[in-house]
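What follows is one structure encoded as structure tokens, with my remarks underneath.
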């Protein structure tokens with residue numbers, strides 16, 4: 001029972017981590033608290049659904065189409081919408097509040113478009129839902145893939161950020177946006193890339209999740225909230241922290257479900273979030289850098 | 001500074017006064033058509049339910065009525081239906097206010113009710129105040145008799161949690177007595193209105209039918225991963241697994257049971273099991289899954305209704321409340337044909353008359369529809385009714401459910 | 001003085017409105033008063049401190065739910081008092097815990113607060129009391145709701161004016177400008193913020209409590225509708241959260257606009273709402289009143 005709970009918790013955590021990685025990037029590097037994050041995720045899920053249902057294209061292949069699309073779109077959104085706010089705020093705390101409000105509006109716009117295009121109903125399809133045996137526990141293949149993807153992306157990005165020049169630039173902008181230009185970094189370009197990369201991750205997450213979860217046009221907020229919880233817990237901008245926090249959250253939820261009471265799972269999540277917020281708002285894994 | 005404030009205030013007040021006055025204008029009544037209004041959830045949390053059950057049937061009915069020339073009146077004349085529709089955005093306050101608008105501003109002849117028990121309750125006092133008959137189809141509540149008595153022109157047409165739970169207990173009892181399943185049951189229920197009604201009624205009903213609840217847990221709305229819950233239920237030794245769930249949980253539970261290769265002899269899911277999307281969700285393996293509702297598998301009227309719905313809306317209706325919604329509109333049309341457009345007369349006719357609808361002959365008892373199908377099962381690509389088993393049109397349940 | 005007199009005259013007119021308007025008109029005015037109060041109460045705290053609270057519906061829902069629980073047990077005035085106390089207590093707990101963290105974390109936490117409370121109430125109702133939906137069968141007519149809301153709106157506005165002119169208001173402005181400087185000037189940051197937060201939250205709770213009888217059936221899903229939080233914020237920001245009359249100036253036209261949009265463009269409400277929000281953030285970051293003031297200054301200078 002313990003082992004199966006552990007494995008289920010990790011699978012759930014894999015989904016959570018996958019959801020949160022993109023937001024961590026967007027806030028960490030571009031300093032944009034993107035409340036419309038969940039809507040982008042759902043939009044990607046819809047596109048994957050349409051491609052699969054109407055054209056029979058496997059979601060794994062659609063990734064190659066949708067992810068670059070997500071990257072490009074997020075890049076444009078940053079340049080058109082966020083940049084004027086960045087310029088106006090001059091690097092003070094105003095940007096965070098302004099970005100929250102602006103992305104708030106974006107949330108409604110994207111959700112409204114999806115409502116008009118797809119209606120309010122649930123959509124769902126089944127792909128790679130076969131069970132795989134892991135140490136005696138049967139796990140859905142698509143969830144296992146999500147887990148694997150989140151670890152791969154989280155780990156891979158972490159390595160890229162710490163061992164490459166490009167990653168160095170990104171981290172510099174994240175840590176000290178005012179000083180970065182002094183060493184010749186084009187903050188604007190780096191922030192745009194960070195935001196766009198975050199959007200690409202959101203999109204990837206949406207495609208993966210659409211394989212095993214039913215969704216509707218109004219579902220985005222649920223994902224945004226989950227992502228926010230994970231990001232805060234893991235430490236803003238801390239990719240590994242987001243990965244670990246996501247897995248931790250999945251584990252906590254599953255263990256509470258099995259050993260305490262299924263009715264308290266979500267309350268436990270928020271309680272944990274509150275505790276972290278009050279005790280270590282920089283995140284459980286915050287240190288002086290990434 | 002002062003004069004700015006003064007000017008602003010003046011603008012504000014005159015603006016408010018002007019707009020308020022313009023809202024006070026009443027519309028003159030138009031007798032070249034019958035005005036029908038509705039405020040339903042086109043967006044927000046309720047849109048998923050309203051979008052499957054309520055809105056398509058409202059649209060289908062209006063189209064068919066107008067294609068035939070309009071609603072027939074007692075004198076034989078036909079008047080086309082003119083629709084006034086609003087989106088209540090899944091907000092109770094907006095539902096109340098838009099209903100007020102339909103009643104006092106648009107002055108519609110009839111108002112079609114919103115989706116969901118909560119919203120039907122919210123607008124019931126309004127319908128009563130303005131004298132509109134309320135065909136509360138999507139209001140599932142054990143308190144229906146009380147509400148029918150409190151609001152004399154309200155008609156409750158989907159029964160209550162007790163009915164569904166008791167019917168399920170009967171189905172299981174019959175299966176156990178036939179030696180098909182053991183006496184253990186694993187139940188999970190969603191922590192929300194209908195889920196709670198169902199589990200509260202199911203516990204005593206199942207015990208009385210001789211079952212023990214080997215696993216009985218409630219989960220919060222918003223749970224997305226059922227791996228652990230299904231795992232526990234599978235380990236409980238029960239032959240029957242019941243999920244008093246909502247969509248999307250019903251879908252998630254089904255998928256999880258498939259993934260885990262969990263094959264209970266009886267699998268019961270809650271709301272969502274009768275949705276047209278269920279076969280897709282279950283990857284074509286829906287055979288044998290039992291859920292709420294059901295339609296008469298042998299009825300040609302139903303089959304014809306399904307075809308017309310699919311042709312116009314682009315998707316099949318659900319096999320629970322959709323047909324009842326459509327039937328309620330047929331009842332409305334037939335009432336108008338018999339007694340005209342007077343609201344009180346129509347309400348009286350709905351209460352006392354007999355009607356011929358897609359779900360068969362309908363006569364309300366104490367303003368409630370009691371001739372309902374309480375449980376259904378997927379047999380082939382149709383969700384046919386199996387309970388009450390002694391009613392004509394019921395199919396025989398297939399137990400055990402074929403393996404995934 | 002004169003604005004106050006005009007305000008009181010408007011209040012008197014509104015009090016008489018149920019006798020002139022039909023049911024829908026009364027419903028619109030109820031909505032207007034509700035949001036005007038919500039926006040003003042919200043701006044009382046979030047305006048000067050710049051702590052954007054997205055938790056309006058958390059308190060709104062708590063007020064409605066308290067009424068649902070107590071409506072058959074206590075007389076109406078006591079029920080309202082209980083609702084206010086519950087709201088204040090909740091605000092105290094939330095405020096004590098979160099007002100010490102930086103603004104951005106407060107915003108995020110407030111985003112999830114309504115959900116947290118909803119989960120807790122649901123769990124309690126399911127496992128402890130055994131009922132989830134509650135019924136309010138009070139003989140309150142729409143005009144009673146209107147009059148109570150009107151009274152609350154007037155009280156809220158008067159409170160806002162009083163605070164603005166008091167030492168508390170000065171302290172708030174100092175905090176909003178620069179917290180560090182304010183602390184050095186001897187202002188007790190925590191206590192000031194907490195007082196305002198509790199006051200603001202109590203008023204919001206009462207709005208929910210007064211409106212609850214209109215919905216008959218109360219369930220967590222119904223009373224914790226996120227739309228309330230969003231609309232409150234956008235209305236207060238449009239008018240100007242830091243100006244006394246700002247929130248009302250934002251609430252009235254926006255509410256009427258949304259009502260008109262909802263009636264005529266029911267399918268595109270979301271998109272238009274979002275676009276408006278974005279527009280406000282870009283063009284009127286401090287609200288209409290502040291923008292007008294800037295214009296006037298430019299006129300004077302030219």
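Just so you know, glycine gets a Cβ as well, placed from its N, Cα and C.
TrEMBL has this to say about the protein:
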- C:25-45: transmembrane segment (TRANSMEM)
- C:52-70: transmembrane segment (TRANSMEM)
- C:76-96: transmembrane segment (TRANSMEM)
- C:103-124: transmembrane segment (TRANSMEM)
- C:144-163: transmembrane segment (TRANSMEM)
- C:194-212: transmembrane segment (TRANSMEM)
- C:218-238: transmembrane segment (TRANSMEM)
- C:245-263: transmembrane segment (TRANSMEM)
- C:269-292: transmembrane segment (TRANSMEM)
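The transmembrane segment (C:76-96) shares more Cβ pairs under 8 Å with C:194-212 than with any other stretch in the list C:25-45, C:144-163, C:194-212, C:218-238, C:245-263. Below 8 angstroms of C-beta separation, residues 38, 42, 45-46, 78-80, 82-84, 86-87, 90-91, 94, 103, 106-107, 110-111, 113-114, 117-118, 121, 134-136, 201-202, 204-213, 215, 218, 220, 223-230, 232-233 of the same chain, each at least six residues beyond the ends of the transmembrane segment (C:52-70), sit close to that stretch.
Same-chain residues lying 6+ beyond the ends of the transmembrane segment (C:269-292) with a Cβ under 8 Å from its Cβ atoms: 230, 234, 237-243, 245-246, 249-250, 254, 258, 261-262.
Sequence-distant contacts of the transmembrane segment (C:25-45) (same chain, at least 6 residues past either end, Cβ-Cβ under 8 Å): 14, 17-18, 51, 53, 56, 60, 142-143, 145-146, 149-150, 152-153, 156-157, 159-160, 163, 193, 196-197, 199-201, 203-204, 207, 211, 214, 228, 231-233, 235-236, 239, 241-242, 246-248, 250-252, 254-256, 259. Highest Cβ pair count under 8 Å relative to the transmembrane segment (C:218-238), across stretches C:103-124, C:144-163, C:194-212, C:245-263: C:245-263. Remote same-chain residues near the transmembrane segment (C:194-212) are listed as 30, 34, 37-38, 41-42, 44-46, 48-49, 56, 59-68, 79-80, 83-84, 86-88, 90-92, 94-96, 99, 136, 145, 148-149, 152, 155-156, 159, 163, 168, 172, 218, 223 (criterion: CB distance under 8 Å, separation of at least six residues from the stretch ends).
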